[in-house]
Amino acid sequence: MSAEPEEWYEKLRAYEGRVAASGGQGRDPVNEPMIRHWCEAMGDTNPAYPGIAPPTMLQAWTMGGLGGHPGGSARSEAYDELLALLDEAGCTSVVATDCEQEYLRPLRPGDRITFDAVIESVSPRKTTKLGTGHFVTTRMDIQAGGELVGTHRFRILKYAPVRRKPDQQPDQQPDQKPNPEREPEQRPQQEPKARRPRPVINRDNAGFWEGVAAHQLLIQRCTGCGTLRFPWLPGCGGCGSPEWDTVAASGAGTVFSYVVMHHPPFPAFDPPYAVGLIELAEGVRIVSNITGVPHDKVRIGMPVELEFLRADDELELPVFRGAVA
Amino acid sequence: MTVTVRAGEALPPLHIPITRTLIVSGALASRDYQDVHHDAEAAREKGSPDIFMNILTTNGLVGRYITDHFGPRVHLRKVAIRLGAPNYPGDEMVLTGEVTSVADGTAEVAVTGTNGIGRHVTGTVTVELPTGSPTGAVR
């Protein structure tokens, strides 16, 4: 659909390989109280702790905490710039998606850690259940006493959240999970369906939607040259005349082309489903759903018949019922 | 003490009740003060139905699951996880694991944590076994 401007992604990609943090220092040396708090929280009774720190605590030693790092963050200007660019593009929300750590030697109480990080990659724009955004991967090297003790690769999604309607409760929003769910089987099954998007009705297309309300699919006809046009436009593409009337479509058509939507999932739509470009008997084409036929049985040239689908209390839509050969 | 590990071996599941206490204490123990991990109202304002577990806690629980099973003498070498369905309060996460390979004194374990919504975490843990551990039959 909407292509990402090449220059925009190039601008983001230019940050790959640049420093994300340098000369960071652990807020506290590795210490028994923090190890004990961690073990208590995790329910971890391993007797090796707190003689050594749980390896999975690696990132915790780099965190600024509530007070932040004294003397400011170790985060680089380049990383701040990248995040600001994404913020400006509307990708204001952030969620951690992946964490890969390697442990070269155990950390012990008294170890003082330092860290440096690099921006490893910035993904092209991706649409997830949370919203559309970019995955940013950083790789951090963690040292103690000048010796590399571990590496920490971290991936976040910076995204523009799917907007919530004010009349809906948060728990009715299956598409606002704080983590991206990339696998379709993870989608909650029980939650109420979101409503389909509302059409934008304006003075140029109001007549079309009045027709739909009366169960008619109205095609514009130029009264200057007689050319039919669809979708509705203020003037004729052939002769330029702004004068028009309408003809009601007979309802017969054929599948001119189609796609099957698998991913990404959108609210109110249940993939996989077919989206057809229907050529009406009158000659104009319309994009709509194909009903009555499994998505994998839709074929080009398949005859279809207009019907009206009541999506909800407020919305009716013209769709096309296919006939399996 | 040695540890016998065989490829294909399934680890017993670990049931972890996702309480508010676990989410908040895990966030604070990892020094992660992002409000979505302790302030339900702030989490809702950001589009989440409730607070949810941070990735560092998930990482810690996966590490614990492995060392609980193999014992204190193994060393974690690598933990790689990917998050999916969030852990919200009131849910339960069940960690399961399977040894996928054993070679050169290390075992690789595939770990999955499933909650009421779906798969919260999938990951791979590489663990170094105590020297002299019989590696059993490698399939």
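Just so you know, glycine gets a Cβ as well, placed from its N, Cα and C.
All TrEMBL annotations are machine predictions without curation.
According to TrEMBL, the feature compositional bias 'Basic and acidic residues' maps to A:178-194.
Annotated domain 'FAS1-like dehydratase' per TrEMBL: A:24-149, in sequence order.
Remote same-chain partners of the domain 'ChsH2 rubredoxin-like zinc ribbon' (A:209-244), defined as residues 6 or more beyond its termini with a Cβ less than 8 Å from a stretch Cβ, comprise 199, 201, 251, 280, 282-286, 306, 308, 316-318. Annotation source TrEMBL lists domain 'ChsH2 rubredoxin-like zinc ribbon' at A:209-244.
Per TrEMBL, the feature domain 'ChsH2 C-terminal OB-fold' maps to A:247-308. As a summary of secondary structure, the domain 'ChsH2 C-terminal OB-fold' (A:247-308) carries 3 helix, 33 strand, 26 coil according to DSSP.
The annotation region 'Disordered' is assigned in TrEMBL to A:159-201.
Within the model, the domain 'ChsH2 C-terminal OB-fold' (A:247-308) shows a mean pLDDT value of 91, rounded to a whole number.
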